[in-house]
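Noted in TrEMBL for the protein shown:
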| type | residues | note |
| --- | --- | --- |
| DOMAIN | 1-378 | domain 'FMN hydroxy acid dehydrogenase' |
| BINDING | Y25, R165, H276, R279 | glyoxylate binding site |
| BINDING | 78-80, S107, Q128, Y130, T156, K252, S274, 307-311, 330-331 | FMN binding site |
| ACT_SITE | H276 | active site, proton acceptor |
Amino acid sequence: MSAILTIADLKDLARRRVPKMFFDYADSGAWTESTYRANEEDFGKIKFRQRVLVDMSNRSLESTMIGEKVAMPVALAPTGMTGMQHADGEMLAAQAAEEFGVPFTLSTMSICSIEDVASVTKKPFWFQLYVLRDKDFVLGLIDRAKAAQCSALVLTLDLQILGQRHKDVRNGLSAPPRMTLANVIDMAIRPRWCLGMAGTPRRTFRNIVGHAKGVGDVASLASWTTEQFDQHLSWKDVAWIKERWGGKLILKGILDKEDALMAAKTGADAIVVSNHGGRQLDGASSSIMALEEIADAVGDSIEVHMDGGIRSGQDVLKALCLGAKGTYIGRPFLYGLGALGKEGVTKALEIIRKEMDITLALCGKRLATDMGKDQLRR
Ligand SMILES: Cc1cc2nc3c(=O)[nH]c(=O)nc-3n(C[C@H](O)[C@H](O)[C@H](O)COP(=O)(O)O)c2cc1C
């Protein structure tokens, strides 16, 4: 563990330990991957102001996201098939987040179900909803999230149609993986992963199988999923979802200020400035470049979060400077999970915390919540 100092170190280890199909699923973006790359690269264009001889003792990274106290404003983003990076991945990541004091968001497309995660956590987690055409299934999901005492619903808006990731098509991605010769060889050289998978019953989409009409097994699941994303979804749908849910609502996938202003009018509690980690509209702006304009446009009318490309604590602070009250990490925690299971997720959070803390001090600040535009050199 001592040689692991950065998120990139966790990524290298995950590449060795996770079957190629699932590692590639995490490390990929739509089409040319230009937005995926820009998400990371654009953080590098932003520079801090270095300040000296200010008292930097008693620092704190604590903050709140939608009124919930967080040890640092970094939630785990909803990611599909997390239980394929490591056996029981969602359950382990949720436990790591709970122990660290940051929110965990469970995806609709998870391997472990809402009930699985609730059974191993004590504090409420957040649930991410995809609105699918089968409305009975969607209503059921909302009710299951309520029953599991989830404290926020994260409604994803940027996936009414699936962007294409070439790697997934070429790899024949599926959960569980098909037993082709190439897949069997690829898994056989990763015994830790295989052992974990052999020891868990959780190997397919457990929020869906057995809950959606006509989806009783993996064979029926594939065709069901592809036809389920709802191209008719509109702003009107946010109202009935909000009403049915009745709790805190976060709208995820906003990249344009006009949409942000519409989102603020819905009465939701927060928006996430996001391009789905560069997995949907290739050629869209990086999230960090879209953030400032959106935060300025909505002002105090709605809380602003962001995700996409965060690979260090410095990136988190840059997002805070440009108007985000909270951030999310996707791949950084997935790499941690693939590399070292629960311990790896904790390690990813620890790396980010340390980088945030030292950067905060060298910028001459004590509180992460004090970071603003004037801490950036422009
Ligand atoms: C492997 C993977 C699966 C994802 N699945 C979902 C999902 O099921 N629902 C969702 O709203 N976002 C999903 N996302 C997007 C993330 O929630 C988040 O927006 C993105 O990962 C942030 O970028 P980052 O990975 O660079 O931190 C996924 C991202 C990845 C990498």
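Backbone N, Cα and C atoms are what each Cβ position is placed from, and that goes for glycine too.
Annotations in TrEMBL come from automatic prediction, not curation.
Remember, it's a predicted structure, so these values are computed and weren't measured experimentally.
Everything TrEMBL records as a feature, shown here on the structure.
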residue: Y25; record: glyoxylate binding site; DSSP class: helix
residue: G80; record: FMN binding site; DSSP class: coil
residue: Q128; record: FMN binding site; DSSP class: strand
residue: T156; record: FMN binding site; DSSP class: strand
residue: R165; record: glyoxylate binding site; DSSP class: coil
residue: S274; record: FMN binding site; DSSP class: coil
residue: R279; record: glyoxylate binding site; DSSP class: coil
residue: G308; record: FMN binding site; DSSP class: coil
residue: G330; record: FMN binding site; DSSP class: coil
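Closeness to ligand 1 is met by Q128, H276, these being the binding-site residues among Q128, R165, H276 whose Cβ falls under 6 Å from the molecule.
Taken over all pairs of the listed glyoxylate-binding residues (Y25, R165, H276, R279), the Cα spread reaches a maximum of 13 Å, rounded to the nearest whole number.
Residues Y25, R165, H276, R279 make up the record's glyoxylate site, and a Cβ search at 8 Å around their centroid adds S28, G29, A30, G163, D168, G277, G278, Q280 from the same chain. Considering only the binding-site residues G80, Q128, I310, no residue lies within 10 A of H276 (glyoxylate binding site) on a C-alpha to C-alpha basis. Here Q128 (FMN binding site) is compared against the binding-site residues Y25, R165, R279, and the shortest C-alpha distance is to R279.
When the neighbouring Cβ atoms lying within 10 Å are counted for each of the binding-site residues (Q128, T156, S274), the highest count belongs to S274.
Its Cβ taken as reference, H276 (glyoxylate binding site) is surrounded by 26 other Cβ atoms within 10 Å in the chains shown. Within 10 Å of the C-beta atom of Y25 (glyoxylate binding site) sit 23 other C-beta atoms, taking all shown protein chains into account. Candidate binding-site residues: Y25, R165, R279. Nearest to I310 (FMN binding site) by Cα distance: R279. Candidate binding-site residues: Y25, R165, R279. Nearest to T156 (FMN binding site) by Cα distance: R279. Each of the binding-site residues G308, G330 was scored by the other Cβ atoms within 10 Å of its Cβ; the lowest score goes to G330. Geometry remark: R279 (glyoxylate binding site) versus G308 (FMN binding site), CA distance 10 Å.
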